[in-house]
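In TrEMBL this protein carries:
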type     : residues : note
SIGNAL   : 1-31     : signal peptide
DOMAIN   : 32-152   : domain 'Beta-hexosaminidase eukaryotic type N-terminal'
DISULFID : 67-111   : disulfide bond
DOMAIN   : 174-491  : domain 'Glycoside hydrolase family 20 catalytic'
DISULFID : 284-335  : disulfide bond
ACT_SITE : 330      : active site, proton donor
DISULFID : 510-527  : disulfide bond
């Protein structure tokens, strides 16, 4: 072998070795998901030791020790920042006893309240030698900053922890970033809901839209109408959400800065209601006589509205959020058409044979009931499409396929707020690599004024329950939902490139896996810490 060919063979090995040495020295966090508005990071890094790592409140902070939301978050994030601390205690190499303090300051001490539609989630953070300074207007913003900090910390190949010198200014692009879970078509155990809330916090989602009841089952256990779940749930003892279950979900969500928004969808999607509440649903007729089947809620009876007022009064006291979802989608008019009493009621009201007017009449009554309870109602887009008098409506959720931005434009032109759900239906199984579909959504890509675009308050990932229960909920949601999370949080111009986003999402997916979330893989590869729960 000639000297030249021998040198050519050794050179690649030399470069490979050099690359490995450089990589050992230059480990950094792969990035933060969703991407902050401004992130300036340096190669200068600081070692962290769990034995000398502290959370504390700034002197000027309106919240101090005893603030439940932050005290609990400090404990939670310590475990997330040092995930193998308990198992690796005492054998961490290169650990330093120099203390590192995370100093948190907030302008408002809203420690005992709930996040709402006006809550600021803005925060600024600087990481430098021995200290990180996190400043936010509210505790909810501080939570978002703590999540970012937890993603900035990384380990080298020897298990030592580091964080790089970093400056971040961050806030969400959209105020409403939701995930809908359907607990009627399949019952989801409380534990599965809580795990989803954890994963939502990691992706900075802030609204849990609880589609709690529907045609197949009524698992919500009502104090006022206990027969609704006794007769309407899949099982009256095992497949229900008791009042204490609901309180637990709301409390768990609050600690993570997540609002819980209930949906009691009517007049359609109500078959399960009728079993525990006689005379609520419309009897269907065939050949002039009752057929024994039932259709949507009966809009012609005064007792319907008395029942709804009592139910929503209870729901309003149980769920503290100021928003409530009233549904109003996919109403089948055939049963109303068959019922002579409903038809007579329509003639009396001057609706002729236009059943969209009957639905609009019903929805207006329900909206008025909830308005009197100081609740802002959300309705599905069908209600907007049928409603001539739109002034009573507040927030419209756009869900139908097709030109959904055309619908968004129509709604904002009418001066109403919009939540966009159409492009983010994840209930159908699909390859994880189709996450790019959910990433390349541009919610404001319609012709309209700046004022109209401000009416798009956010978007929502929908996980309907036909084919989803606790066995496949998590992998079907994550990490695809995280693609929508970045679209709703981050600056659109900085996050429009799928190829640039991929390595960050891949790294974030591994973080989810390490945190016990069964997020699906995006492609061939491995995580340093594989999922331990199997």
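Cβ from N, Cα, C; glycine included.
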Closest by Cα to residue 67 (disulfide bond), out of the recorded positions 284, 330, 335, 527, is 527
Integer mean pLDDT for the domain 'Glycoside hydrolase family 20 catalytic' (174-491) = 96
Could you check which of the disulfide-bonded residues (284, 335, 510, 527) sits closest to residue 111 (disulfide bond), going Cα to Cα?
-> 510
Please report the number of other Cβ atoms within 10 Å of the Cβ of residue 510 (disulfide bond).
-> 22
Count the Cβ atoms, other than its own, that fall within 10 Å of the Cβ of residue 111 (disulfide bond), considering every protein chain shown.
-> 17
Compared by Cα position, which of the recorded positions 284, 330, 335 is the closest one to residue 527 (disulfide bond)?
-> 330
Give me the non-local Cβ neighbours of residue 330 (active site, proton donor): same chain, 6+ apart in sequence, Cβ-Cβ under 8 Å, ordered along the sequence.
-> 268, 269, 382
Same-chain residues six or more away whose CB lies under 8 A from the CB of residue 284 (disulfide bond)?
-> 290, 291, 293, 294, 295, 334, 335, 338, 339
Where DSSP helix means H, G or I and strand means E or B, what are the helix, strand and coil counts for the domain 'Beta-hexosaminidase eukaryotic type N-terminal' (32-152)?
-> 35 helix, 35 strand, 51 coil
